[in-house]
Amino acid sequence: MSNKAENRNGEPMTMLDPCDVARRACEIAGAELRFGRPVVLVGEQNYAALALDTATSGDFDRFAQVTGGKHMLFLTAERSHALGLARPKGVLVPLAGVSHAAACELGYRMKSPVPTNFEDAPEELAALTALSSIALLLPALVVARIEPDEPAFAGVTRITAREIAVSGEAESRYEMMARTEVPLRDVDKAEFVVFRGGLSQRDQVAIVVGDPDVERSVPIRIHSSCITGDLFGSLKCDCGDQLREGLRLIQARGGGVLIYLDQEGRGTGIGAKMMAYGYQAHGLDTIDADETLGFGPDLRRYGAAVAMLKALGIAKVELLTNNPTKAAFLENAGISVTRRTSVLGEVTNENQAYLTTKAMRAGHQLDVRAIAQALVAK
Ligand SMILES: Nc1nc2c(ncn2[C@@H]2O[C@H](COP(=O)(O)OP(=O)(O)OP(=O)(O)O)[C@@H](O)[C@H]2O)c(=O)[nH]1
Ligand SMILES: [Zn+2]
């Protein structure tokens with residue numbers, strides 16, 4: 001079947017795939033939010049929305065003015081919980097008379113007054129949380145119900161919840177675009193295989209070590225980027241150690257693949273991760289710090305990893321991880337995990353609490369007692 005059609009003027013038009021159309025709409029809407037500009041979520045009820053962490057106080061005041069002071073702050077279930085309000089779909093807090101600085105406090109600061117005036121957020125606003133995550137923004141949005149033909153929002157980018165949902169399919173659509181050998185210090189032979197596609201993600205990289213036999217179970221590690229740990233040797237986490245130990249194990253097995261995913265801060269981005277580190281310095285653990293910013297415990301997506309494995313012809317793996325979520329995701333996507341092998345880093349004063357939280361609250365297969373004793377033994 002031809003993928004050409006004609007538009008109303010009889011001009012040739014490429015029939016676009018619905019997922020590509022939705023993905024483009026999301027990327028544009030996300031970019032608008034990142035520029036501090038409003039977007040309109042179109043549905044049974046229309047909502048204008050502005051991202052709190054990119055809107056200046058001028059943008060915020062203009063939004064307040066054109067919505068006649070009917071603007072509200074949409075806080076996720078996680079942020080509501082952090083504020084002591086257990087509301088499963090989050091809350092809407094009226095903002096009439098509230099300054100930009102006070103809204104930011106309510107939206108994502110650690111010491112915020114608890115709102116007394118709020119309503120449960122409608123389900124459809126979850127689409128905006130998904131959009132803010134695609135745009136790597138904090139999930140704190142200023143919203144206002146508007147009429148479909150509201151003149152103040154004429155020309156503003158529009159998006160539907162359906163487009164945001166459909167765009168998610170792009171997460172598993174990647175194409176190989178380059179494959180080149182790069183000599184690495186501790187590895188005999190490594191090829192960097194770059195994939196392009198996805199949703200709001202940069203090109204992704206798989207490092208093929210040696211010549212793995214794809215007919216057998218291939219040792220792999222799926223590693224999410226951690227600039228602080230991988231690159232600069234931060235002591236606050238075990239990532240750098242795990243990256244190097246992962247490569248070492250793959251090499252020792254005679255070959256395999258390390259997939260390096262661009263999803264810093266468990267998918268929240270480096271900015272949010274550093275804000276979370278700031279909150280951790282004030283005593284919150286890694287999960288509570290993310291919740292204070294409005295995030296769930298883990299926003300990472302592994303569709304890219306699955307697409308890359310499939311493109312490399314890999315259907316069976318030995319997974320180098322302590323994180324059972326990664327194994328479950330692969331199994332659900334049709335990649336058989338024949339074995340899970342732990343990858344351990346050094347326990348330090350600075351990462352001991354982080355590792356304990358991963359074991360106790362995120363279900364990572366780490367030995368809590370060994371973590372506790374590791375420093376005593378030193
Ligand atoms: N939000 C947030 N992210 C963090 C923090 N510390 C590390 N990270 C991120 O956590 C992720 C860790 O990635 P991985 O090492 O692949 O995964 P893992 O879930 O620890 O599982 P393993 O396979 O056992 O290593 C990276 O995206 C880091 O940037 C933190 O305190 N807060
Ligand atoms: Zn790290």
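Including glycine, each Cβ sits where the backbone N, Cα and C put it.
The Cβ of Asp298 (active site, proton acceptor) lies under 8 Å from the Cβ of Arg266, Gly267, Thr325, Ala362, each of these being in the same chain and 6 or more residues away along the sequence. Look at TrEMBL and you will find Asp298 tagged as active site, proton acceptor.
For Arg300, the entry in TrEMBL reads active site, nucleophile. According to its DSSP assignment, Arg300 (active site, nucleophile) is coil.
Positions annotated as GTP binding site by TrEMBL: Arg221, Ile222, His223, Ser224, Ser225, Gln242, Glu264, Gly265, Arg266, Thr286, Thr321, Lys326. Within 10 Å of the C-beta of His223 (GTP binding site) we count 23 further C-beta atoms, all protein chains included.
In the three-state DSSP reading, Cys226 (Zn(2+) binding site) counts as coil. Residues annotated as Zn(2+) binding site in TrEMBL: Cys226, Cys237, Cys239.
According to TrEMBL, the feature domain 'GTP cyclohydrolase II' maps to 178-341.
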(message) According to DSSP, collapsed to three classes, what secondary structure does Thr321 (GTP binding site) have?
(response) coil
(request) Across all the protein chains here, work out how many other Cβ atoms are within 10 Å of the Cβ of Arg300 (active site, nucleophile). (result) 17
(request) Find the one among the recorded positions Cys226, Cys239, Arg300 whose C-alpha lies closest to that of Thr321 (GTP binding site). (result) Cys239
(request) For each of the binding-site residues (Ser225, Thr321), count the other CB atoms lying within 10 A of its CB, then report the residue with the highest count. (result) Thr321
(request) Quick one: pull the CA-CA distance for His223 (GTP binding site) versus Cys239 (Zn(2+) binding site), whole Å only. (result) 8
(message) Need this for a regression test: binding-site residues Arg221, Ser225, Cys237, Cys239, Glu264, filtered to those with Cα within 10 Å of Arg300 (active site, nucleophile). What's left?
(response) Glu264
(message) Within 10 Å of its Cβ, which one of these binding-site residues (Arg221, Arg266) has the largest number of other Cβ atoms?
(response) Arg221
